[in-house]
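Asks: For Lys196, the entry in Swiss-Prot reads active site, proton acceptor. Residues or ranges marked as S-adenosyl-L-methionine binding site by Swiss-Prot: Gly83, Trp85, Asp111, Asp127, Asp156.
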Amino acid sequence: MKVNAKSDHKLLPKVTKVVAKGDAKGKKVNKAWLHDHINDPYVKQARKEGYRARAAFKLKEMDETLGLIKPGDCVVDLGSTPGAWSQYVRRKLSPTGAAVGALNGRIIGLDLLPMEPIEGVVFIQGDFREPEVLAKLEQALSTEKGPVKVDLVISDMAPNLSGIESADAARIAHLVELAVEFAQTRMKPDGALVVKLFHGSGYDDLVKLFQASFKVVKRMKPKASRPNSSETFLVGRGLKNVTPV
């Protein structure tokens, strides 16, 4: 479910001139951010490898560290737009690591906003809490032997941060709780959930939520996550309580 434009999720084209609105201080800040973004090694690498966003390398590091994605897996990407995480999963589930061709597994992306097609990825636009969206999800998970359970749920969902700590903490917590609830109803008992969150008010409570929901919990700060960002990730493996659909 796409809640906002993720700060680093759209690669910018080469820029020869920067025009920033606002006062002189704002212009300097915008120019500094744009300079850092354009020269970011992960942005350059994402462009080189054909990823839609540098965020692909965050999931890549977590996967390589923890072995999250395996051949034949069914993966659901919550808040999938613009598609970098789905792109990475698609390549990981390819027998040859390719962006096209054979696929050994199943990938479903869900988001409020539209997403450009990715070969092999089933995309469903809408709120995954709504009945009509859930019906499409059920169809995407169906097989001749019946519906399949999900091996991995990944969520890079993030709210627009207002700067008001209490309000931001509530929005972040809500998205994490939605992802946990989704995993509890759709995931295999030995599956895994990856969510993004931010250090600050409410962080410890979300860690406790994960610890109450999963047998193993890992805190991750991938190298591709900007050092000056409070962004971090939680990975939960093995459901403690399985909720029937």
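Cβ atoms are placed via backbone N, Cα and C, with glycine included.
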Asks: Measuring Cα to Cα, how many angstrom lie between Asp156 (S-adenosyl-L-methionine binding site) and Lys196 (active site, proton acceptor)?
Replies: 5
Asks: Between Gly83 (S-adenosyl-L-methionine binding site) and Lys196 (active site, proton acceptor), what C-alpha distance do you get in Å?
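Replies: Distance (Cα to Cα, whole Å): 16 Å.
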Asks: Rounded to a whole angstrom, what is the C-alpha distance between Asp127 (S-adenosyl-L-methionine binding site) and Lys196 (active site, proton acceptor)?
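Replies: That separation, Cα to Cα, works out to 18 Å.
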Asks: When DSSP is mapped onto helix/strand/coil, what comes out for Asp156 (S-adenosyl-L-methionine binding site)?
Replies: coil
Asks: Measure from the CA atom of Lys196 (active site, proton acceptor) to the CA atom of Trp85 (S-adenosyl-L-methionine binding site) and give the result in Å, rounded to a whole number.
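Replies: Taking the Cα atoms only, Trp85 (S-adenosyl-L-methionine binding site) lies 12 Å from Lys196 (active site, proton acceptor).
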Asks: Could you check the binding-site residues Asp127, Asp156 and say which one's CB has the most other CB atoms within 10 Å?
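Replies: That would be Asp156, with the most Cβ atoms nearby.
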Asks: Whole-number Å distance between the CA of Lys196 (active site, proton acceptor) and the CA of Asp111 (S-adenosyl-L-methionine binding site)?
Replies: 15
Asks: Using DSSP and three states only, what is Trp85 (S-adenosyl-L-methionine binding site)?
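Replies: Once the DSSP labels are grouped into three classes, Trp85 (S-adenosyl-L-methionine binding site) ends up as helix.
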Asks: Return one of helix, strand or coil for Asp127 (S-adenosyl-L-methionine binding site), based on DSSP.
Replies: coil
Asks: Within 10 Å of the Cβ of Gly83 (S-adenosyl-L-methionine binding site), how many other Cβ atoms can you find? Include all protein chains, please.
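Replies: Taking every protein chain into account, the count is 24.
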